[in-house]
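Sequence annotations record features per position, and here TrEMBL assigns transmembrane segment to 78-99, 111-133, 207-225, 232-252, 272-292, 350-373, 402-424, 430-450, 462-480, 486-507, 514-535, 547-567 (among others). Look at TrEMBL and you will find 516-566 tagged as domain 'Cationic amino acid transporter C-terminal'.
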Amino acid sequence: MGQPNSDAGGGEEIRRRSCGCSKQDFLPEESFKSWGNYTEALKATPARLLDRLTARSGEHTELVEMKARSQHEMKKSLTWWDLMWFGIGAVIGAGIFVLTGLETKKHAGPAVVLSYVVSGVSAMLSVFCYTEFAVEIPAAGGSFAYLRVELGDFVAFIAAGNILLEYVIGGAAVARSWTSYFATLCNHHPNDFRIHVSSFPDDYNQLDPIAIVVIIAICTLAVASTKGSSRFNYIASIFHVAIILFIVIAGLTKANPKNFTPFAPYGPRGIFVASAVLFFAYVGFDAVSTMAEETKNPAKDIPIGLVGSMVITTLAYCILAVTLCLMQPYQQIDEDAPFSVAFEAVGWGWAKYIVAAGAIKGMTTVLLVSAVGQARYLTHIARTHMISPWFAKVHERTGTPVNATATMLAATAIIAFFTSLGILSNLLSISTLFIFMLVAVGLIVRRYYVSGETTPSDRNKLIICIVLILGSSIATAVYWGSSDGWIGLVVSNSIWFLSTLALWLGVPQAKKPRVWGVPLVPWVPSLSIAINLFLLGSIDKASFERFGIWTGILLVYYFLIGLHASYDSVMESKTVAGEVNSSV
């Protein structure tokens, strides 16, 4: 955003304000001191919005000034080993153990393995983009911090709201899946431990008290210690890997190649529809990027941890999907607990308990890593005052953001109590794909634009190329979703290719990565944009309606509160910095 960084004195003032639990801690900004001030702030909304639309944060601001607003620093205790196991623990959970059955039966058939490949490629491209940012800007805010630096406050806020939605919904979906597998482990139907309320609408009438208990337990562990959470995750993930090996080896002994026929009963469209939903199975790796602030050596640890965990996860998913489809005809695969029921169907009823135990373990670590990641996102968002700075507080003894963790998990518990898995997974995929697309755009901007150095001509060419890349990618997704022809796809994909080629050949890169960089820029981030938008085009209309409603709520909040709070915070930092400079 280009504002001067505040000195230690300014940081101390902000830290002092964040310690209590009064109105001053929740709405400390000048615009909320009185109704008169708030009225004047609302009148100034257009000017303030223009300021925030054009403002871009600085890396030093995100790494130094923002940290000072948390009262205490997070402890640097993580290595690449911790991050890799956090990545594995974050990803392998409800996606593979629940959604595989749902999407195999309804959309893909045995070709679900190709759906996982498509989702995995998209996820890996996003991992590369995240990794460069996490190495260069190792802040707890993850993609929120990256977008503030490259695309500005407003875009970062819209992304931030969807990041929070992603984590709340993802945690709720996994918590409900935890209950399903626990019921299977106890020899019950997946819904037996839920309370059915017939007067509630469908998809919201299976109340899940066990999910709430699990989330409370996860919250307790997450606020106690990040390193302790890492050790628990590491030990549990080793157990999980052993169970995955058991599923594959034991399942393949009961394989029947005839079950792979027909391979793609729903055609190519079914494969991509399943890919969009199964992207849920890869959600979680972005939580690892939020731990960069607590990593001992980000330049080495983050690339190894993020890329290594994604490679392992993608291979595991494909092998598990093949195993499931060889064990049972796709029409007979259970939607709620596919692996457990598959073993029971082939006469190994006892194996379902091992599978259920592994699934429960996987979902427990997914919830844990999600809790750690979402709290750090909320913490950094609160540091900017887009939401109350009370959430930015880091506990002195534990070195963890207690307020943010408890708040996010409370919201997760409420959603998990009411909402079905199908509603949650589709909505989650939209938020995730949208955010990953923005991060890829941010990486292109980072490499090709530096304020004060990039010429107006190169800047304009960059804008045109990005608009064409986005427009052609959206056109591909829309055409795919609305037509069975191929001419439109050829045209839109050709425009995408030529736009990326023009960017590659016609615009010089303005910045090189200092330590670790994404290879083949702009091709990798451009392809990430195209695939993410393409997968968005495969998601159902109702999910987009819910996404639109949530984005509308975010905009209302931003114009009424977030814009004015963050604007006042920036102005205060500039004032403090100006006073310091004048006294030197």
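Including glycine, each Cβ sits where the backbone N, Cα and C put it.
Remember, TrEMBL labels are computer predictions, not curated facts.
Since we're looking at a predicted model, the values are computed, not measured.
Between the transmembrane segment (78-99) and the listed ranges 207-225, 232-252, 486-507, the one holding the most Cβ pairs under 8 Å is 232-252. When each of 232-252, 462-480, 486-507, 514-535 is checked for Cβ pairs under 8 Å to the transmembrane segment (111-133), 514-535 comes out on top. Counting Cβ pairs under 8 Å that are 6 or more residues apart, the transmembrane segment (514-535) and the transmembrane segment (350-373) reach fewer than 3 and are not in contact.
Taking Cβ pairs closer than 8 Å, the transmembrane segment (232-252) reaches residues 81-82, 85-86, 88-89, 92, 221, 316, 319-320, 323-324, 326-327, 339, 342-343, 348, 351, 354-355, 357-358, 361-362, 364-365, 368-369 in its own chain, all 6 or more past its ends. Here the transmembrane segment (462-480) has long-range neighbours at 269, 272, 441, 444-445, 448-449, 454, 488-489, 491-493, 495-496, 499-500, 502-503, 506-507, 526, 529-530, 533-538, meaning same-chain residues at least 6 beyond its ends whose C-beta is under 8 angstroms from one of its own. Here the domain 'Cationic amino acid transporter C-terminal' (516-566) has, by DSSP, the following mix of helix, strand and coil residues: 40 helix, 0 strand, 11 coil. Model confidence over the domain 'Cationic amino acid transporter C-terminal' (516-566) is summarised by a mean pLDDT of 86.
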